[in-house]
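Here's what TrEMBL has on this protein:
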| type | residues | note |
| --- | --- | --- |
| REGION | 1-33 | region 'Disordered' |
| TRANSMEM | 45-67 | transmembrane segment |
| TRANSMEM | 110-132 | transmembrane segment |
| TRANSMEM | 138-160 | transmembrane segment |
| TRANSMEM | 228-247 | transmembrane segment |
| TRANSMEM | 267-289 | transmembrane segment |
| TRANSMEM | 319-338 | transmembrane segment |
| TRANSMEM | 350-372 | transmembrane segment |
| TRANSMEM | 384-401 | transmembrane segment |
């Protein structure tokens with residue numbers, strides 16, 4: 001009985017031993033929780049970028065709207081005032097970084113959130129600047145505060161959690177914080193995961209910096225004269241059209257309607273708040289258009305053109321406020337859509353170059369627009385928005401002619417090229 005009983009016990013233990021789970025190693029629970037931890041770290045990095053964008057536009061919007069009034073108070077003409085036309089590119093670099101960290105489908109949403117966070121800074125900045133400028137020596141106090149804000153922003157960038165970005169930059173094409181190949185890995189393991197790419201790159205001798213610059217300029221030239229020329233042309237025209245309206249906004253309100261700087265600052269803050277809300281609502285708007293960014297850009301540009309014409313023709317403050325409100329929405333949506341359209345057409349491999357060329361085109365517009373605005377305002381206070389409407393109309397014509405190229409098939413063709 002005993003041997004049989006032992007055999008019975010052995011057979012009874014057999015299935016249990018066959019289904020026995022392997023012993024969990026120490027720290028396995030932490031590795032299982034790593035996906036959530038990596039998502040939190042990636043989200044923290046995004047929030048840091050949003051904060052940088054907020055502080056950047058907060059400092060800029062305190063001073064830039066007041067520059068034309070300050071220069072005019074010194075006795076300069078509108079044309080001379082238009083020579084404040086070169087700005088820095090902190091937001092451009094941040095958008096390029098975001099384009100490398102997020103997936104193509106999530107890119108409009110993330111860039112829209114970044115624009116919304118930056119827009120909050122543009123909400124508060126004009127209110128503070130408009131209030132301080134009416135004090136004794138207020139402009140100089142505002143300029144000093146702006147200087148302090150940028151010093152603070154530089155310190156934040158220096159203290160950035162750059163290692164949190166490695167979880168997404170090593171393997172591109174996956175959403176932020178959702179890279180399963182890198183979940184639960186240490187910094188050394190992340191570097192080992194990127195080692196094959198580095199070893200392939202190390203097979204070639206390092207080129208001098210000037211060779212790299214020349215190669216980048218050649219890439220930019222090839223992009224400007226490629227099949228994407230119309231996207232960059234539309235970006236330039238719409239950028240100049242919008243900045244013709246905003247560059248001498250306070251001077252125009254003061255000359256046409258007698259609006260004081262403080263009230264004009266409040267109006268700019270109100271418009272910026274609407275622009276920030278438009279950035280947050282970009283996701284539902286794209287879903288409504290079935291992620292057809294070209295159609296959204298075309299309609300927002302048409303709305304911008306109509307509003308610029310209406311602002312140029314109005315004689316009442318109420319209509320000017322309405323135009324400013326809707327222009328904040330249309331330009332915010334248009335900026336995000338044109339960026340996403342050029343990235344989608346250029347492909348993921350050239351995202352950094354495409355972003356750089358696009359921002360360079362916008363920078364050219366920032367140089368041209370204040371000068372054109374000053375010359376147009378010499379002719380008439382309604383000159384800048386009228387000229388902006390003409391440029392927007394040209395951009396709409398270009399988009400309408402080239403619309404078939406940016407369907408599903410046309411976009412794939414551009415990527416293959």
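Here, residue 1 is simply the first one shown, and the rest follow in order.
Yeah, the Cβs are placed from backbone N, Cα and C, and that goes for glycine too.
Quantities reported herein were computed from a predicted structural model and do not represent experimental measurements.
In this chain, the transmembrane segment (228-247) does not touch the transmembrane segment (138-160); fewer than three CB pairs sit within less than 8 A of each other, excluding pairs fewer than 6 residues apart.
Long-range neighbours of the transmembrane segment (267-289) within the same chain, counting only residues 6 or more positions beyond its ends whose Cβ lies under 8 Å from a Cβ of the stretch, are 61, 65, 108-109, 112-117, 119-120, 122-127, 130, 249, 253, 259, 295-296, 321, 324-325, 327-329, 331-333, 336. The stretch with the most CB contacts under 8 Å to the transmembrane segment (384-401), chosen from 110-132, 228-247, 319-338, 350-372, is 228-247. A Cβ distance under 8 Å defines the sequence-distant neighbours of the transmembrane segment (228-247), meaning residues of its chain 6+ beyond its ends; these are 68, 82, 85, 297, 301, 304-305, 308, 311, 327, 331, 334, 338, 341-342, 345-346, 354, 357-358, 361-362, 364-366, 368-370, 372-373, 376, 384-385, 387-389, 391-392, 394-395, 398-399, 402, 414.
Long-range neighbours of the transmembrane segment (110-132) within the same chain, counting only residues 6 or more positions beyond its ends whose Cβ lies under 8 Å from a Cβ of the stretch, are 46, 49-51, 53-63, 65-66, 91, 94-95, 98-99, 102, 138-139, 141-142, 145, 176, 261-266, 268-270, 272-273, 275-277, 279-280, 282-283, 332, 335-336, 339-340. Within the chain carrying the transmembrane segment (319-338), a Cβ under 8 angstroms from the stretch's Cβ atoms is held by residues 108, 111-112, 115, 119, 231, 234-235, 238, 242, 245, 253, 256-257, 267, 270-272, 274-279, 282, 285, 293-294, 296-297, 300-301, 303-304, 307-308, 310-311, 358, all 6 or more beyond its ends.
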